[in-house]
Amino acid sequence: MSGEDDSSGWQLTESDPGVFTELLKTLGVPLVVDDLYSLDAEALAELQPLHALIFLFKWVGGESSEPSSGGQYDPEFPGFFAHQVVNNACATLAVMNAIGNIHGLKMGPQLAELLSFTAGMDPQTSGMAITSSDWLREAHNALSPPSAISLEGLDLPKTTEDAYHFIVYIPYAGSVYELDGLKQAPVKHGAFSESGEGWVAKAREVIQARIATYPPGSQVTSEQVEFSLLAVHDDPVPHLQEQLAQLQAAGRQSEAAELVVKLSNENSKRERWAFENSLRKHNYLGFIHALLLNMAKAGRLEAAKEGAKKALQERIERKKKGELMDED
């Protein structure tokens, strides 16, 4: 869950595929993450092999402790499962709960050592071990915007912000499981058929049932996303490169040209992720100070301040009328 105090040094993380992919890269895991805008078979087929689905939703206090979407708690779950013991760590915890259950997955030495250390631990202790890991917290925080301004000591009134939470759906031992660090145990949603779409068909049913519990039209409002879905899958670039080399060697240029386009799209996406991540890491305080100083020297600061006040007041009025949702 994100959005409250008691973060123990863990900062808020965006629900962005570039952020999750960079985290996996830091962990030495050769997987990537992509946004999912549809759960139809065609959209999911393009991401195969698909290892996990990360679901982000608005967390509401006082929610029932009962399993969601008709599942059942499985306290004897033999895989890896860790509880969330501090706020703001739920994104990395969801990643850990996913990759900790992928058999034979390649990973970096620090991650392998951490998972080995937590083997046999109960979920609460595993969660404490994970969130006490300095290197993992640093990897998590690396893509959070730096904060150079503190409001502590100003006696400002406390406000309640929307809190969002990450959970993960995975296939394990022939069944689809929901791993939620705030739940007492993994939730088993039943067996899936190995034929056809495999586990994603069952996962689709479960996720759609959960989405159906939201009010109509709440998925995307004018300025707020109520939930989002991310797919964790194999990096397609190595396979595309291998296919391209084979097609070119066989003289099948038309088919090779199609793969060149796909590779170009993948590389462009990674370039965009790298650029956006660099912006997330940058501290803009110096730029903001210089901008305000020059606006003041040019006599434009006061007008800009009054314009901002007016825009804020209009925003407040729209919110009162129900035309605008709170932002996280």
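From the backbone N, Cα and C atoms, a Cβ is placed for every residue, glycine too.
Bear in mind that TrEMBL entries carry predicted annotations, made automatically and left uncurated.
Going by TrEMBL, these are the annotated features:
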type: DOMAIN; residues: 9-234; note: domain 'UCH catalytic'
type: SITE; residues: Gln84; note: site 'Transition state stabilizer'
type: ACT_SITE; residues: Cys90; note: active site, nucleophile
type: ACT_SITE; residues: His165; note: active site, proton donor
type: SITE; residues: Asp180; note: site 'Important for enzyme activity'
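If you measure from the Cα atom of Cys90 (active site, nucleophile) to that of the residue listed as 'active site, proton donor', you get 6 Å.
If you take the Cα of Gln84 (site 'Transition state stabilizer') and the Cα of the residue listed as 'active site, proton donor', they are about 10 angstrom apart, rounded to a whole number. With respect to their backbone Cα atoms, His165 (active site, proton donor) and Asp180 (site 'Important for enzyme activity') stand 9 Å from each other. For Asp180 (site 'Important for enzyme activity'), the same-chain residues lying six or more positions away in sequence with a CB closer than 8 A to its CB are His165, Ile167, Val187.
Counting every protein chain shown, 26 other Cβ atoms lie within 10 Å of the Cβ of Cys90 (active site, nucleophile). Cβ neighbour count for Gln84 (site 'Transition state stabilizer') (all protein chains, 10 Å cutoff from its Cβ): 25.
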